[in-house]
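Chemist: For reference, the structure I am asking about is given below.
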Amino acid sequence: MRVREIQRNYQNWWRWGMMLLGMLMTCSIAEDLWVTVYYGVPVWKEATTTLFCASDAKSYETEVHNIWATHACVPTDPNPQEIELENVTEGFNMWKNNMVEQMHEDIISLWDQSLKPCVKLTPLCVTLNCTNVNGTAVNGTNAGSNRTNAELKMEIGEVKNCSFNITPVGSDKRQEYATFYNLDLVQIDDSDNSSYRLINCNTSVITQACPKVTFDPIPIHYCAPAGFAILKCNDKKFNGTEICKNVSTVQCTHGIKPVVSTQLLLNGSLAEEEIMIRSENLTDNTKNIIVQLNETVTINCTRPGNNTRRGIHFGPGQALYTTGIVGDIRRAYCTINETEWDKTLQQVAVKLGSLLNKTKIIFNSSSGGDPEITTHSFNCRGEFFYCNTSKLFNSTWQNNGARLSNSTESTGSITLPCRIKQIINMWQKTGKAMYAPPIAGVINCLSNITGLILTRDGGNSSDNSDNETLRPGGGDMRDNWISELYKYKVVRIEPLGVAPTKAKRRVVEREKRAIGLGAMFLGFLGAAGSTMGAASLTLTVQARQLLSGIVQQQNNLLRAIEAQQHLLQLTVWGIKQLQARVLAVERYLQDQRLLGMWGCSGKHICTTFVPWNSSWSNRSLDDIWNNMTWMQWEKEISNYTGIIYNLIEESQIQQEKNEKELLELDKWASLWNWFSISKWLWYIRIFIIVVGGLIGLRIIFAVLSLVNRVRQGYSPLSLQTLLPTPRGPPDRPEGIEEEGGEQGRGRSIRLVNGFSALIWDDLRNLCLFSYHRLRDLLLIATRIVELLGRRGWEALKYLWNLLQYWGQELKNSAISLLNTTAIAVAECTDRVIEIGQRFGRAILHIPRRIRQGFERALL
């Protein structure tokens, strides 16, 4: 019974099995994946490129930064854009940032360019006979109650009045005198206190800064060329070397003032929350520590006095400008609010104590070195100040913020005595020096301290000592630029991406489509944090923004280059602008060349014939397109992109070969082309030519026949009559008696053929011939189609019967197999049951056997 039940349900199983097999086949076919090219994907890679600058310089101002920026920079964007990249993390390293090196080279170029047209002071490298200029102090009322006379009084020997001999071109030798600061002089003979020379005469070429040029820096923006972008980290507690979770993209940095200073960072950017401590390696005492403050500390610097400026001419267009002292000589100084400074040092000490794991932080003055390092050196309105900061860095703090050192009575402000140098060692390179001409009148500049540069005394932070001594440092201007560029990095945009899809390229006729120009460039990376599926929907917009950004930046660069052309001053920055322009065009053309080689010109999504290899990535489509960003996907397949590109190129070459062979057989590509109106017009023309040819031949032969008959005496114009000719023998009657003598159907013959009659006969015979042949051809075609249809139907019926037969055989085989299996299972089950029964009976009979054994034993 069970076998019969299985046989009855077999048909349902058979149907469900066939459906399952079909579904499996469909799924196996649907899993075929193909490489698809996407243009405009938000992907970038770290890169090094030539940056250009933008500024709002005014060319009519003589400030050196204005002149340099006017020649070198493009105007700033009046509406800068910053695009937040959601769900994007990026690694930054402020200590390995090529932007810092570029800015360092640019500031060197700024100073070199500002000194090129100025006077070289080589004629002054002579022996100077100098005497001290005695100065008197002013009273405390005029100087201010917070500063003592001793603090403002110029030390004896600080300023010297020197005389020397010069011989101008075309004139006799004459003696001149000039006033120099003691820091700018070197004593020649120790035994003679009056013989001096300028400090850099034996090592450097001294160039006097142009008298109408100042050194007040203006903000300069660094911008990336088209095809590149600048990533900005917006994490408020970013230490410079970690993974940033709040990333945005900008085309230019914020305005950076290239302030050249040591120990104290002036007029920079502030930390948004707490004070930030940054160092390449805090445990290495050779690495500087950069402190970014969260609040500014005002520093007010002044050079008092009624100094004047006088010129000493020693050649055509050459003059040395020296100081003319009028009245009292007073020392330059800077003042800082003591409360603000103590609060700043307290916060720095607490932060350093937690980072260095020290309980006591000691701030001490510089340990020695060049004046540029041992003092706070900076430029104030054209004069170079060297201020003693020992009063600033002279305290001890616990890591909880308590001050341990005995502070003197607070006067409200800290006064830093400053010295002024006119011969400056160029910080950027050796062998060069600059003479800063004196500035007349009182000089005052108000600046904001936004950071510190500190050095740690020798020893490792792992020492058992709980004390840590920190001193002011500096000298490497790269640290100044790092303090502003720490949150930026330059990346190269890679708009080409490949990913697997189910779409395969179809060979169809394509129309060329031009890619239009969009708006701005920065929106290109706006979809970087989106999944690949979401980002692929904006490829057109991103590709347009890429090209639009290139065009826009090229226009800006061209305007800057044109400005340099009419000034006839194509500087190093002008060359960089040309490089940026060429680089942007090359990047775009390179991408378009690859798209053209792959047969994807004018497309943002381009399918290919290349099957996706699971060894490249075995992720599922849903996982790729719904869970991954383009950046994550690019990192995963970065090792295989070269292989994929080669396969796409080879596939395109093979496709072009196939298309060429197909075009050679284009006329046979479709039977429907035979029935186009142009083809039928061609057929009609051929038919007319054939018919006309036949008629022409017939006419020629008729004329020849007529000529032949005329020669034989035949007249073609005589009237002839047509007589009926009998169809049978002449003795046969024309009718039949039973039929009432009805005449049979006969045909007439033409006794004499005329010219018109011959033409008519030929046309009639030709039409009849064509009709008969076409009718026969149609009948033959009908018979062939009928025969093929019948044979085809018979073949289909035969195949159907064969399929039914084999299906029935398979069905019978399956039923037989199931029957055999059921019988075998039943027999096996019976055997098992029987064995179990026997085993059970044996167990049940054990007591009986024991009893029988006892009975036999008793007998």
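Keep in mind that glycine also has a Cβ here, set from the backbone N, Cα and C atoms.
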Chemist: Looking at 54-57, 82-85, 270-273, 714-717, which stretch does Swiss-Prot describe as motif 'YXXL motif'?
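Modeler: My reading of Swiss-Prot: the motif 'YXXL motif' range is 714-717.
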Chemist: Let me make sure I read this right: Swiss-Prot says C418 forms a disulphide bond with another cysteine. Which one, out of C387, C445?
Modeler: C387
Chemist: Looking at N161, N819, which residue has the N-linked glycosylation site feature per Swiss-Prot?
Modeler: N161
Chemist: In the same chain, who gets a Cβ under 8 Å from the region 'V5' (463-473) while lying at least 6 residues past its ends?
Modeler: 262-264, 288-289, 352-353, 356, 358-367, 373, 376, 389, 392-393, 452-457
Chemist: In the same chain, which residue numbers or ranges, 6 or more beyond the ends of the region 'CD4-binding loop' (366-376), come under 8 angstroms Cβ to Cβ?
Modeler: 183, 261-264, 334, 385-389, 393, 416, 418-419, 421, 425, 427, 471-475
Chemist: State the Cα to Cα distance, in Å, between C130 (disulfide bond) and N193 (N-linked glycosylation site), rounded to an integer.
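Modeler: Here the two Cα atoms are 8 Å apart.
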Chemist: Nearest of the disulfide-bonded residues to N193 (N-linked glycosylation site) by CA-CA distance, picking from C73, C244, C445?
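Modeler: Answer for the nearest of the disulfide-bonded residues: C445.
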Chemist: Should any of the recorded positions C125, C233, N267, C301 have a Cα within 10 Å of the Cα of C223 (disulfide bond), which are they?
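Modeler: Candidates kept after distance check: none.
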Chemist: Taking the Cα of C418 (disulfide bond) as the centre, which of the disulfide-bonded residues listed as C53, C162, C201, C301, C334, C445 lie within 10 Å of it?
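Modeler: Of everything listed, what lies within 10 Å of C418 (disulfide bond) (Cα to Cα) is C301, C334.
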Chemist: Of N87, C252, C301, N337, C387, which recorded positions come within 10 Å of C53 (disulfide bond), going by C-alpha to C-alpha distance?
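Modeler: Checking each Cα against C53 (disulfide bond), the hits are C252.
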Chemist: Over the span of the region 'CD4-binding loop' (366-376), count residues by DSSP class, listing helix, strand and coil in order.
Modeler: 4 helix, 1 strand, 6 coil
